[in-house]
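Annotated in TrEMBL:
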- B:6-26: transmembrane segment (TRANSMEM)
- B:59-78: transmembrane segment (TRANSMEM)
- B:90-112: transmembrane segment (TRANSMEM)
- B:132-159: transmembrane segment (TRANSMEM)
- B:189-212: transmembrane segment (TRANSMEM)
- B:224-250: transmembrane segment (TRANSMEM)
- B:262-279: transmembrane segment (TRANSMEM)
């Protein structure tokens, strides 16, 4: 009967988010939200996609990847080529962006996911830099001066993609496949000994994460008028990493909340980029020192609404897990 | 002739990488932490050297020493404030903290003095070209190489012949056992950060005198590349970091020499990924398998 | 299966780490349904031997056959799927997962629903997950762990964690179960319960069990045959009675009580 309950909360979630979508859409149509706010809201949606896609890789599967901006870049450029060079519709661009990034994810994931912890982190960081340098050197996409892109991203597109990303990742996580990934995070040797094809699941998580980062890239590119390799440096990767870490490694709702909060904060600090980075870095350090499990730990926001069993009550709060 | 000149450039650049890589490798060897902020210590060293030369009107060597001393203190401060409380935390928590510290230093410096670059005065070191066997080599390149090699020799001496060096080796081998043998682990770790950071500071001053331009974000790329150099040589292995640094500098110079200078930054990361995949323990490392 | 074809045949297997021979020339034969002990002083290579059997290490010499099939160079997860499953000396549960989810991870290789059917929530996902859930609940009942099923594995008391690890290993549906010091850290009462449990599961699941243990009472009490490792080499094998009186074994344990 648990299954029935799950799908009930699923429909509740869909209903709630459609309502949120409707309200914002209405506000946009009636002109009550000006361009600045619309842009911010779209940006929140894009960052949520990035956060949940990295959450799958780091929070669920425990693979410490810090080159996520590389996939964002691949998606952004792939989509820009589709719309600007090939004059194809935006929908095609979004799908191609996702697939190209997923393919890149496979390409980079298969060799590098044999590495663990710090080494994987550095390899993915290196990968992100390689993507940027390749884009810098390819004249077809404009080199350092970048590509002109039309403004095609609307709140509708951003919302739809965000909803799909969340649903896919939640559905994946709450299944035997998601459990396989979590078992890798918890103890890779034991997962292997239980018959889990750890390499396969690491690569799958990486590819799904890259897919959605690519889609975010398409939305990102078409929300600006120009994209340049310098938009996708490792500072961008760190931005995404902060959502996941601050939200709580292993908590999807945590990373969504962190993405919303930090996007709004950084929008208001746009005029003061140094202040923003200093606040970001201090938040990062203080979080690691005093609350390394992040905002939510591995819990989800839905668990706060459920009646907790007395036996579970207090013990869960101090839980932390090792990812390395 | 062009190629030889490039090779000399590569070795000079490589010796800067090597100096930074030494700090990475020593710190990793002792606390198993990739100290992302290390590249920023290098940047701070370059600025300290710059102000020492420009404002205090010192010559190269006093500036170098001041910068090394300042960076040693700075490195110890970073360790005490940010890393020490995390010694028993997860590796990921420590890595994220290191990233945070790195960002904090970069943007703290920008906040304090702005993002604009500075130029080292051109006359810190005599600029001549020396002819050896018909090859013209700039005296600066040779000078830089000489200073770097001297620092590495001093480091080898410290690590192998002094008490603190012995303690460092003991702690990196087995911190628990070292503690039981009466070694002050905290002080040893501090000393490691101090020595590593001093070398990074020296690298900063050398970088400034050679490449002139310095700016607050200058530490990121050389820092990452020095890490690549450390991994290339085998992380935790001091001679490995030297060889790795020189090798990386030479590889980059060769890539430039063959006309792919725009790809230069990419090559380091390709080297990194290749070495991680095919020989993760580095050129000089031994393969260690996880204990089950 | 006749007595002439062993379930597990280890033929002159060994492994070197650099110049060091951690395990060498080990010959072991296990027959269907046996409960066999593996003992030896600390550092004798017992866990290393388990790691060879489960593919964590690849033997540098000799061969290992399960039902006549060579296991050489198979990834650990493949060996598990062929029918060898294990527990670990230092408990390795999936701490943040619930008790029931720990067992479900072991069922994963039998899952009939694909990744896509889970993502799109196709009917096969629901039926597959439901089947797993029911199987896991029934399974936990056997071990008396069903009342903890939604508890995080980390929050279980120590003895129950050991129990859960054995349950999880069994859920992977092995023909051969390897237990690495299952009684470590248990009090005599818990050890006794564990012995009963091992006897019970062997009966119920038609298993072959190989057991590393320091607790001589437990080994002598439940095992039909015993192998003794010392310095990476087999120095004796036989019934508990034979092992007890074997001078080589007594010498290896030098001073330790063997009875």
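The backbone N, Cα and C atoms fix where each Cβ goes, and this holds for glycine too.
TrEMBL does not curate its annotations; it predicts them automatically.
Note that the structure is a prediction, hence the values are computed from the model and not measured.
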Cβ under 8 Å to the transmembrane segment (B:262-279), counting only same-chain residues 6 or more beyond its ends: which ones? 221, 224-225, 228, 231-232, 248, 251-252, 255-256, 285
Other same-chain positions with a Cβ less than 8 Å from the transmembrane segment (B:6-26) and lying at least 6 residues past its termini are 34-35, 38-39, 41-42, 75, 137-138, 140-141, 144-145, 148-149, 151-152, 155, 168, 192, 195-197, 199-200, 202-203, 206-207, 210, 222-223, 225-227, 229-230, 233, 235-238, 240-254, 256-257
Residue numbers, six or more beyond the limits of the transmembrane segment (B:132-159), whose CB comes under 8 Å of its CB atoms: 1, 4-5, 8-9, 11-12, 15-16, 18-19, 22, 64, 125-126, 165, 168-169, 195, 199, 202-203, 206, 209-210, 238, 242
If we skip the immediate neighbours and take only residues 6+ beyond the ends of the transmembrane segment (B:224-250), which ones have a Cβ under 8 Å from one of its Cβ atoms? 7, 10-26, 28-29, 34, 38-39, 42, 152, 155-156, 159, 172, 268-269, 271-272, 275-276, 281-285
Would you kindly list the residues that approach the transmembrane segment (B:189-212) from elsewhere in its chain, counting only those six or more residues past its ends and only Cβ-Cβ distances under 8 Å? 12, 15-16, 19-20, 22-24, 26-27, 30-31, 35, 38-39, 41-50, 60, 63-64, 67-76, 78-80, 84, 119-120, 122, 124-125, 140-141, 144, 147-148, 151, 155, 158, 164, 167-168, 171, 218-219, 222
Positions whose Cβ lies under 8 angstroms from the transmembrane segment (B:59-78), at least six residues beyond its ends: 23, 37, 41, 44-46, 48-49, 52-53, 101, 124-125, 147, 190, 193-202, 204-206, 209
Report, as numbers and ranges, which residues of the same chain sit near the transmembrane segment (B:90-112): CB under 8 Å and 6 or more residues beyond its ends. 32-37, 39-41, 43-44, 47, 78, 82-83, 216-217, 219-220, 223
